[in-house]
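The block underneath contains the structure these notes are about, expressed in structure tokens.
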């Protein structure tokens with residue numbers, strides 16, 4: 001560790017049962033960092049640990065202008081009849097979407113189990129009984145001192161209090177109700193109810209004694225169908241009765257267009273919209289994966305001379321990053337990662353070599369720590385189980401903030417190198433270090449206890465969290481959803497480039513799921529999340545207890561919008577799911593700015609607008625615009641002009657390969673596929689289109705024309721020595737036709753309109769795998 005470097009606090013509020021790396025950056029994380037906790041947003045319930053016990057609440061919704069709130073409020077506190085103040089609260093177990101926390105003093109203790117998406121909370125007591133201190137005197141709409149359960153209303157919210165059979169209640173009619181547990185039974189649960197009918201209370205009582213003991217999420221990518229299936233499972237222990245299930249409340253991104261669930265008639269109004277309930281212990285979601293690309297193709301309506309000039313300008317600045325901390329240095333790597341393919345497309349070998357040389361040497365420098373070195377290194381903190389890069393920024397060291405934002409840029413650069421140099425990316429060289437970065441932010445291997453499972457990603461809420469400690473009254477938060485998605489697309493590229501399907505599928509799970517969540521909770525594309533009183537069509541930040549139109553710095557409204565677009569890469573096409581929304585978002589930004597054009601970040605805004613009207617975006621952009629620090633003139637110009645030529649993303653068509661995109665202009669589709677493997681690949685699209693793509697190359701096909709694989713001179717779908725022999729005979733005029741249909745197109749590998757010795761040279765290099773088609 002560098003001298004003077006900062007690390008997270010030494011104290012972790014956990015019991016000895018919580019072994020291995022500590023989960024951070026989650027909805028429940030404030031338990032681990034604090035003596036008690038700050039509000040915990042499990043939805044539909046919220047909680048807060050304090051000296052007297054555990055506050056329970058169902059937020060009231062309200063707000064306008066800059067923010068809309070669903071803040072925690074204390075409807076009642078679950079306390080202990082024999083312990084009036086506990087010294088602290090400690091995490092005892094954290095599973096995929098639930099947490100057990102223990103409060104103990106002497107022989108008295110409470111263990112609370114809180115689960116994301118559960119209307120229940122479960123408690124186990126030792127040395128005393130449950131004491132419920134209400135924020136006022138509740139109305140009891142069901143039960144008396146001898147009932148097994150009570151139905152109560154407090155602050156307009158209905159709850160069920162569920163005790164073991166044989167229990168007694170004291171204090172009914174006052175603000176404090178104590179449950180006297182029978183001998184040998186130490187469990188107690190509560191549930192927030194959708195209404196105050198006895199039938200609803202009875203239904204919830206049926207599952208109130210099925211205590212959740214574990215939760216798990218599993219995912220599966222079907223390459224043939226281009227679908228992602230995610231299965232959520234809660235294990236339960238039945239304390240009494242014969243029922244073995246529970247009630248689960250699903251977020252809109254989970255129930256929307258989901259034919260695999262049977263919703264109950266019970267719903268909850270929450271900050272995330274309506275949560276629908278199901279009965280059982282498991283459910284699944286199935287999403288379409290719409291593909292990503294490592295870069296857009298060379299099909300733009302650009303002036304190639306101007307584009308090449310922009311590339312040369314950037315090449316001169318390649319070794320001059322804005323700063324050397326993990327975030328800003330990472331953004332510089334991201335800028336070069338997007339420019340590298342453009343240099344290749346232009347045949348600008350000098351710029352290409354300069355970009356890739358700097359990217360390699362920089363990553364190797366960061367991945368190597370020497371005695372006495374003070375900067376550009378990573379340190380593993382074994383107390384928390386995390387990899388910290390130094391120099392750090394924005395609390396990435398002491399608070400473990402934003403690791404997925406920072407490291408995503410490093411991963412993107414590594415993936416771009418891996419697509420070109422598999423040897424560099426091998427585990428014997430630099431690949432193992434790249435995978436450590438992946439594991440820090442999204443460890444998929446439950447057996448690797450050096451890092452927590454999916455640190456930054458919330459499997460149930462479907463998106464990432466940025467704060468390591470979640471130490472805010474509004475819970476955890478995430479501002480730049482697009483930087484999270486940048487990390488996930490980089491994981492897809494890395495997995496595909498290195499042939500590691502486990503890592504690739506991890507990336508597809510994270511990317512696809514977060515895109516769904518962003519469309520719901522940041523953009524409200526379906527118009528059923530944001531309250532009309534909020535007054536905006538977009539959330540700059542999403543918190544556990546609010547969504548808002550503000551950012552972490554004193555930025556312009558262009559920045560407030562653009563922070564959820566950047567970095568724009570060939571995996572950012574998801575932003576174009578609803579072109580009309582893009583127009584609305586852009587126009588709202590201009591109204592807020594009070595200008596006819598964005599005051600700054602013009603390149604980001606025009607790249608975004610190009611997903612609605614690329615021709616207009618092309619007219620708005622000009623080379624005098626100062627790029628955002630993670631962007632370049634070359635990439636902005638290339639992006640806008642490609643969309644001007646290709647059209648908008650077409651999400652109605654999928655393919656049986658992970659690296660693809662489909663575009664549509666004037667009802668004519670263009671299909672783009674990248675094949676990262678070392679052999680030719682046949683790709684079938686859901687509309688029947690078939691393409692054959694050469695190894696380590698990108699192919700583009702428009703309309704229904706048959707796709708010709710450059711270099712495949714005999715039409716067998718492969719590029720090998722047979723094609724070399726055919727090319728030689730063709731050039732020597734020993735044959736006048738090649739076996740493949742459209743022989744000139746197949747033989748003209750550099751697409752200069754001629755078939756000559758240059759094409760032969762390229763073909764040989766392709767076979768030797770040192771030239772990308």
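The backbone N, Cα and C atoms fix where each Cβ goes, glycine too.
When the candidates 67, 71, 89 are compared with the Mg(2+) 1 site entry in Swiss-Prot, which names 31, 34, 35, 36, the shared residue is 89. Most Cβ neighbours within 10 Å, among the binding-site residues 716, 748: 748 holds that distinction in the structure as shown.
Nearest to residue 477 ((1,3-beta-D-glucosyl)n binding site) in space, judged by Cα atoms and limited to the binding-site residues 527, 618, 748, 752, is 527. According to DSSP, the secondary structure content of the region 'alpha/beta subdomain' (195-288) in residues is 12 helix, 49 strand, 33 coil. Residues near residue 714 (Ca(2+) 4 binding site) in space but far in sequence (CB under 8 A, at least 6 apart, same chain), listed by position: 722, 723, 726, 738, 739, 740. Counting in whole angstrom, residue 527 (Mg(2+) 3 binding site) lies 31 from residue 619 (Mg(2+) 2 binding site) by their C-alpha atoms. Its own atom aside, the Cβ of residue 479 ((1,3-beta-D-glucosyl)n binding site) has 24 Cβ atoms within 10 angstroms in the protein chains shown. Taking Cβ-Cβ distances under 8 Å and a sequence separation of 6 or more, the neighbours of residue 754 (Ca(2+) 6 binding site) in its chain are 748.
Cβ neighbours of residue 35 (Mg(2+) 1 binding site) (same chain, under 8 Å, six or more residues apart in sequence): 13, 87, 88, 89. Our reading of the (1,3-beta-D-glucosyl)n binding annotation (327, 331, 402, 406, 477, 479, 483) yields a largest Cα to Cα distance of 21 angstrom.
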